[in-house]
Amino acid sequence: MSGLALAQGVGVACGFFLPAWGIAPAIFLSILALALLIKAKAAPAAACLPIIFCIGWISLLPWTGPPNPDGHISTYADAGPAAITGTIVERPDQFRDRTRFVLRVSDVNSSGPLKGRIRTTVRPPVPELIKGAKVHFRSDIRSFRNFSNPGGFDYVRYMRFKNIFGSAYVRGKDKLEILEAPGGFFTRTEKSLGRLIEESAPESSRPLLRALLLGDKKAVDQDARDLFADAGIAHVLAISGLHIGMVAVFALFLFKWILSRSERLLLSGRLFQISAILTMAPVLFYGMLTGMAPSTQRAVIMVGVFLMAYVFNRDYDSLNTLGAAAVLILLWNPPALFDVGFQLSFTAVFCILYGLKKIPFRTIPITLGEKLQRRGLIYLLIPIVAHLGAAPIVLHYFDRISLVGPLANLIVVPLIGFAVLPLALMAGLIHPILPWLSGFMIAAAGHLLQFVLSLSQWLASVPFASVMPIKPNALEMALYYAALFALINVKKKWSAALLAVCLIGGLADAGYWMHQRFGREDLQVTFLDVGQGSAVLVEFPGGPCMLIDGGGLSASSSFDTGRMIVAPYLWQQKIHTIEYLVLTHPQHDHAGGLGYMAERFRVREFWSNGQPAPIHAYEHLTAACERKDVLRPSLKELHKPRVIRGVTARVLHPAPGFEAGLGGDVQLNENSLVLKLSRGDKSVLFTGDIGEQGENLLLKRWPPEILQSTLLAAPHHGSRTSSTQAFVEAVRPEHVVFTTGYRNWYGFPHEEVVRRYEKVGAKMYNTGTQGACTFSAEGEDWAGKASINLSLQ
């Protein structure tokens with residue numbers, strides 16, 4: 001089964017990367033497999049591999065091809081307001097300022113039955129919404145769009161794999177009508193347990209209990225999730241194979257202990273099989289109680305396959321059972337292969353099962369002491385092996401790895417699995433008949449979670465508890481796993497050759513990235529696509545980096561552009577140090593992502609005009625810089641030209657005598673830090689959000705030869721009140737970049753502004769429609785390119 005699972009997984013992967021080739025190779029390989037079976041030239045299992053491969057390849061086609069337009073919700077995307085009716089299919093996520101849920105649409109504009117789902121966001125006041133409720137509202141359905149940066153997260157694909165084809169926004173309960181509200185057993189149980197947690201559990205542990213018992217992971221705030229990630233136990237917050245497995249193990253041994261009281265069952269020899277069958281009840285109950293999210297469904301299937309293996313054959317092969325679970329899950333939901341939970345679960349379990357089998361224990365344990373010693377060793381090895389196996393995937397998706405994770409898991413996983421979860425689940429079962437006892441049990445579980453929180457805080461505070469060595473790409477992950485496989489099989493003759501190949505490949509990869517980071521002689525400027533905002537990465541010859549602004553959405557948005565866009569791009573480029581962090585002015589669309597950057601990267605200097613603003617983004621940024629003792633040159637010091645690896649950096653605005661007091665939005669814009677970088681006769685001018693007033697001050701203070709630049713970051717994203725005719729003629733750029741959001745509300749860049757740049761012969765780029773724009777200057781040459789997303793054309 002392991003081989004079949006591998007063949008199916010490779011087939012699904014091929015179906016994603018080569019979707020248009022799906023049918024022809026599938027038919028060819030199927031015919032080949034049948035021929036091998038008929039002629040008996042191959043074992044049936046081996047001959048099945050091409051067939052399974054083809055099934056995997058073809059199975060992904062419904063998710064990679066365009067949806068059938070007949071009766072599909074995608075036909076209504078970007079088509080204006082519509083009357084929408086549908087059913088909530090997952091537990092709504094509750095946030096401070098909004099509620100979000102997935103809606104299976106049944107009707108739009110009374111057009112008849114429809115297929116497909118949309119993600120719906122409701123702003124306060126929000127009525128009580130639960131899974132299974134049928135609702136009606138009016139809204140636009142907007143199609144999803146990616147932030148188009150090289151190697152960026154493919155959000156459109158992510159939502160497509162969830163069968164979600166658009167988003168809708170509703171403001172207030174008056175605009176959303178609940179047509180039907182279910183009142184089933186699990187709905188009532190969930191509400192009851194939610195109230196029980198609020199009444200009985202300590203306040204600090206309530207969000208964790210909701211996540212563990214009800215699957216409400218959104219109840220846990222970002223700070224707590226970061227804390228658990230640094231401690232290496234973030235996986236306990238999302239209901240997955242770990243939680244379902246722990247429930248199964250506890251229930252299995254509980255039923256076995258209860259049933260062993262019967263002499264008849266003991267003599268029958270079927271005690272373990274009966275216990276396994278009974279265990280499915282609490283597993284399914286827990287899965288249903290937590291909402292049966294896709295990750296939970298996979299976990300239930302995986303655990304169910306293991307339990308059925310016990311039922312039908314005591315001497316089962318654990319790796320084959322794992323393979324059978326993978327095959328079933330991929331047959332049921334092929335896109336699961338690309339889900340990080342699927343990858344982490346199966347990789348970690350495979351490494352545990354395969355790795356522990358390869359440990360050369362000296363003797364077969366006979367005495368009780370020897371058995372305890374071996375079990376203790378295995379208990380210590382399990383988190384270490386799982387950690388080593390999952391490390392590349394964790395680094396690839398989450399950009400950091402916890403070094404204290406194995407130690408934390410030795411304590412936390414058993415505590416949650418054999419104390420917190422059993423107490424919480426038992427409390428849920430007995431609450432209708434013994435509410436006082438259930439409250440006591442929830443309180444006990446809450447106090448245990450408080451200990452987990454305290455332990456996590458202590459472990460996360462240990463120096464180098466969490467590190468970010470590199471963000472591995474596909475090649476680096478393959479080299480790591482090949483080397484790990486060779487080390488596990490070190491006694492095999494081929495292991496030395498495989499290790500040598502991995503070493504050579506690793507050295508070549510390291511050499512390439514060393515050259516990319518520190519051996520290049522060009523000045524490279526990348527304008528990232530961060531929506532309606534600005535974030536620019538400057539890479540100087542020899543490696544130093546400057547980040548100018550960090551993007552950011554509205555003040556009410558929880559989307560952190562630093563965390564989600566800018567940092568992943570830098571890590572992908574193997575950048576971990578920002579020599580110069582620059583803030584042009586303290587507004588959300590420029591400062592929003594810089595706080596996270598200051599927290600997570602080594603920063604040498606922080607440049608700004610010194611003007612404060614009473615917004616969280618600015619306060620977060622300055623607090624992080626103070627905490628990390630980042631050097632902050634004064635505006636007077638910044639006005640002195642500085643040479644960085646042959647590139648001259650010069651601040652042109654505001655003037656040295658500028659008084660950095662609080663100001664309104666317009667004044668914040670006009671006081672933006674204006675920075676010019678020059679190398680030979682090539683230069684780039686960064687202007688922040690200056691308008692006509694700021695441009696006039698620049699024209700009065702500096703002669704045209706100082707302002708003239710090869711590349712210009714258009715002032716205020718191409719606003720009509722910026723890029724005056726006089727300023728454009730003074731700068732006369734060859735290239736100009738507008739940092740805008742796709743189909744932004746402001747209509748940036750304005751038509752008049754575009755015409756002004758056309759008059760001076762500037763070539764124009766727009767991050768909102770073309771994605772990230774990269775410019776490179778070496779010697780006398782200056783070249784630009786854009787990461788154009790064809791789907792936006």
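In case you wondered, yes, glycine gets a Cβ from its N, Cα and C as well.
Keep in mind that TrEMBL annotations are predicted by a computer and have not been checked by a curator.
Marked as domain 'Metallo-beta-lactamase' by TrEMBL: 532-742.
Per TrEMBL, transmembrane segment is recorded for 20-38 (among others).
Among the features that TrEMBL reports, transmembrane segment is placed at 45-64 (among others).
The feature transmembrane segment is assigned by TrEMBL to 233-259 (among others). Sequence-remote contacts of a segment are chain residues at least 6 beyond its ends whose Cβ falls under 8 Å from one of its Cβ atoms, and for the transmembrane segment (233-259) they are 208, 211-212, 215, 217, 220, 225, 265, 271-272, 274-276, 278-279, 281-283, 286-287, 290-291, 293, 295-296, 298-300, 302-303, 306-307, 341, 344-345, 349, 398, 402, 405, 408-409, 412-413, 416-418, 421-422, 425, 452, 456.
For 271-289 (among others), the entry in TrEMBL reads transmembrane segment.
What TrEMBL records for 295-312 (among others) is transmembrane segment.
The transmembrane segment annotation in TrEMBL covers 319-334 (among others).
Residues or ranges marked as transmembrane segment by TrEMBL: 340-356 (among others).
The annotation transmembrane segment is assigned in TrEMBL to 377-398 (among others). Long-range contacts of the transmembrane segment (377-398) within its own chain (CB-CB distance under 8 A, at least 6 residues past either end) are made by residues 229, 232, 234, 340, 343-344, 347-352, 355-356, 359, 405-407, 409-410, 413, 468-473, 476-477, 480-481, 484.
The transmembrane segment annotation in TrEMBL covers 404-426 (among others). Within its own chain, the transmembrane segment (404-426) has Cβ neighbours under 8 Å at 209, 212-213, 231-233, 236, 242-243, 246-247, 249-250, 282, 285-286, 379-380, 383-384, 386-387, 438, 441-442, 444-445, 448-449, 451-452, 455-456, 459-460, 462, 465-466, counting only residues six or more beyond its boundaries.
Per TrEMBL, transmembrane segment is recorded for 433-453 (among others).
Beyond the ends of the transmembrane segment (473-490), by six or more residues, the same chain brings 354-355, 358, 388-389, 391-393, 396, 496, 498-499, 501-503, 505-506, 509, 572 to within a C-beta distance below 8 angstroms of the stretch. If you look up TrEMBL, you'll see 473-490 (among others) marked as transmembrane segment.
What TrEMBL lists as transmembrane segment is 497-514 (among others). Note on the transmembrane segment (497-514): residues 475-476, 479, 482-483, 485-487, 574 of its chain, located 6 or more positions outside it, place their CB under 8 angstroms from a CB of the stretch.
Taking residue pairs at least 6 apart in sequence, the transmembrane segment (271-289) and the transmembrane segment (319-334) share fewer than three C-beta contacts under 8 angstroms. Using a Cβ-Cβ cut-off under 8 Å and counting only residues 6 or more beyond its ends in the same chain, the transmembrane segment (271-289) has close neighbours at 186, 189-190, 193, 213-215, 243-244, 247-248, 251-252, 255-256, 259-260, 265, 296-297, 299-300, 303-304, 307-308, 310-311, 314, 425, 428. With a threshold of 8 Å between CB atoms, the same-chain residues lying at least 6 positions outside the transmembrane segment (295-312) that come near it are 215, 238-245, 248, 252, 272-273, 276-277, 279-280, 283-284, 287, 321-322, 324-325, 328-329, 332-333, 336, 339, 341-342, 345. Mean pLDDT, taken over the domain 'Metallo-beta-lactamase' (532-742), works out to 92 on the 0 to 100 scale. Proximity of distant same-chain residues to the transmembrane segment (433-453), defined by a Cβ-Cβ separation under 8 Å and at least 6 residues beyond the stretch ends, is recorded for 196-197, 199-202, 204-206, 208-209, 212, 224, 227, 233, 412, 415-416, 419-420, 423-424, 426-427.
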